[in-house]
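Visitor: My questions will all concern the structure given below.
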Amino acid sequence: QECKCHGVSGSCTTKTCWTTLPKFRELGFIVKDKYKEAVQVEPVRASRNKRPTFLKIKKPLSYRKPMDTDLVYIEKSPNYCEEDPMTGSMGTQGRLCNKTAQHTSGCDLMCCGRGYNTHQYSRVWQFHWCCCNCK
């Protein structure tokens, strides 16, 4: 919730508040954590009904229904490491990666355990002091 005060010279004679979403980065972390803990489910049909009546977690001997806060999926995600024309995935072969990064752009994760080739580049740049031009 965010609030803003209204009044003469900064006095808070009237206060207006409204509900806001969390910061985008925080929301991204929440969704990523949910994705890591997502549970596979399967639809269960009632004996007389043709439509699925509820979802249950897909594990042997498990009859627990997912909680309202669970992120659920019915089919597993495709393997994004390999090229798959059916899903439109180009795979990760030949992609540039960051050897020192620990997240998704890091070579260990992006190259899917296939290894990677390293190249070292050297560039010479002319230094330019910004925003000052002496007479």
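Cβ from N, Cα, C; glycine included.
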Visitor: Under Swiss-Prot's annotation, the disulfide partner of Cys3 is which of Cys5, Cys12, Cys17?
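Guide: Cross-referencing Swiss-Prot, the cysteine bonded to Cys3 turns out to be Cys17.
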Visitor: With the disulphide bonds as Swiss-Prot has them, who is the partner of Cys107, out of Cys97, Cys112?
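Guide: In Swiss-Prot, Cys107 forms its recorded disulfide with Cys97.
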Visitor: Have a look at Swiss-Prot and say which candidate in Cys111, Cys112 forms the disulphide with Cys81.
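Guide: Within the candidate set Cys111, Cys112, Swiss-Prot assigns the bond with Cys81 to Cys112.
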Visitor: Please give me the recorded positions out of Cys5, Ser9, Cys111 that lie within 10 Å of Cys97 (disulfide bond), comparing Cα atoms only.
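Guide: So the list is Cys111.
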Visitor: Counting other CB atoms within 10 A of each CB, which of the recorded positions Ser9, Asn98 comes out lowest?
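Guide: Comparing Cβ neighbour counts within 10 Å for the recorded positions Ser9, Asn98 gives Ser9.
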